[in-house]
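A short write-up of the structure that comes next.
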Amino acid sequence: MSGIIATYLIHDDSHNLEKKAEQIALGLTIGSWTHLPHLLQEQLKQHKGNVVHVEELAEHEHTNSYLRKKVKRGIIKIEYPLLNFSPDLPAILTTTFGKLSLDGEVKLIDLTFSDELKKHFPGPKFGIDGIRNLLQVHDRPLLMSIFKGMIGRNIGYLKTQLRDQAIGGVDIVKDDEILFENALTPLTNRIVSGKEVLQSVYETYGHKTLYAVNVTGRTFDLKENAKRAVQAGADILLFNVFAYGLDVLQSLAEDDEIPVPIMAHPAVSGAYSASKLYGISSPLLLGKLLRYAGADFSLFPSPYGSVALEKEEALAISKYLTEDDVFFKKSFSVPSAGIHPGFVPFIIRDFGKDVVINAGGGIHGHPNGAQGGGKAFRTAIDATLQNKPLHEVDDINLHSALQIWGNPSHEVKL
């Protein structure tokens, strides 16, 4: 294979999956086949999409009810020749799912890239090992927290929040994805002030924290804004990838003048992936494609919290981010939303140690503030790695957190 194989979930009311698959393969490549003269068939053969797999799935009454008709469900795989498209994500997505995405009854499940095609994508600049080297933390999950309530607040408020989170033992603090360029906390001011705070905490407490700053603006201004952030001392760039496009992420990741890790936020991705019947699967969108395009971190809804993904989907995202691939470094999985210390054993059990535990309210909502919240998480992480049940840990910060949010991990065995 020199091109790409697309895997689709299809719903066919004609109940002929093979015919439907062939129609898609032709419609997204040469348009027709059987009515072409033999000579023209020979000329176009190398451009023709080829159906390589058709698998019928069990009938699903809920799907029939939603679509208001009886359909046959199936998984099909189609190979698209590399000759048909340039080796970039806009061309690949348009080839494999462009007009097909308008069907409303087809979901793009996966894309399998040939080795030849993979060579055109950067992958993460730092990856898991590179991030761990920056922090000098190699033996546990990382802990990340989020600035909360920053809109309408000034630099002084940001510095106080950042200091408390860092003292609490948080490894990475990220901007809220809805914090854009503004008069009260402009980009470079946030970075310079944040670096001063984090250096002070490091000198006093010996704990290193990185700050992920949200790089925003018009598309054609992004590179310049990212370079301004780097020049000001940015540790990590947070990026709302799906408000801009995967190719924009790749452009940032490939730029040698932007030599910092990139953290991909999933904002807007639900518009592509939320439906079980159509769109693009979350593992492909938030896992494989983000990694190929250059994300060092991928945030996605956890299976446990307030905006939960099904566990199978979340684990599939993580698999795509972390599986061995000679072409790409591994990206950090960041299962997010509604995370509190009681979920830590679940996260480590399901995602392993190479994960970023990301919390907002679970840190800021602690009765002892963000310092207490961070310490509660760090204690929960250490206890879990020692296979010690959280309710047996004698720690006031963790005990307070479990009283507020509960301890659903009481029966978890690692």
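Glycine residues also receive a Cβ, built from the backbone N, Cα and C atoms like all the rest.
Checking the candidates Lys148, Lys311, Lys388 against Swiss-Prot: the one annotated together with Lys174, Asp175, Asp176, Glu177, His265, Gly338, Gly360, Gly361 at the substrate site is Lys148. Neighbour density around each Cβ, counted as other Cβ atoms within 10 Å, peaks among the binding-site residues Asp176, Glu177 at Glu177.
Here the candidates are the recorded positions Lys99, Lys174, Asp176, and by Cα distance the one nearest Lys148 (substrate binding site) turns out to be Asp176. Here the Cβ of Lys99 (active site, proton acceptor) has 9 other Cβ atoms within 10 Å, regardless of which shown protein chain they belong to.
Counting only the Cα atoms, the space from Lys99 (active site, proton acceptor) to Glu177 (substrate binding site) is about 31 angstrom.
Calculated from their C-alpha atoms, the gap between Asp176 (Mg(2+) binding site) and Gly338 (substrate binding site) amounts to 15 Å. Report note: the Mg(2+) site is defined by Lys174, Asp176, Glu177, and the residues of the same chain whose CB lies within 8 Å of the CB centroid of those residues, excluding them, are Ile146, Phe147, Asp175, Ile178, Leu179, Ala212, Asn214, Leu238, His265. Long-range Cβ neighbours of Lys174 (Mg(2+) binding site) (same chain, at least 6 residues apart, Cβ-Cβ under 8 Å): Met144, Ser145, Ile146, Phe147, Tyr211, Ala212, Asn214, Ile236, Leu238, Met263.
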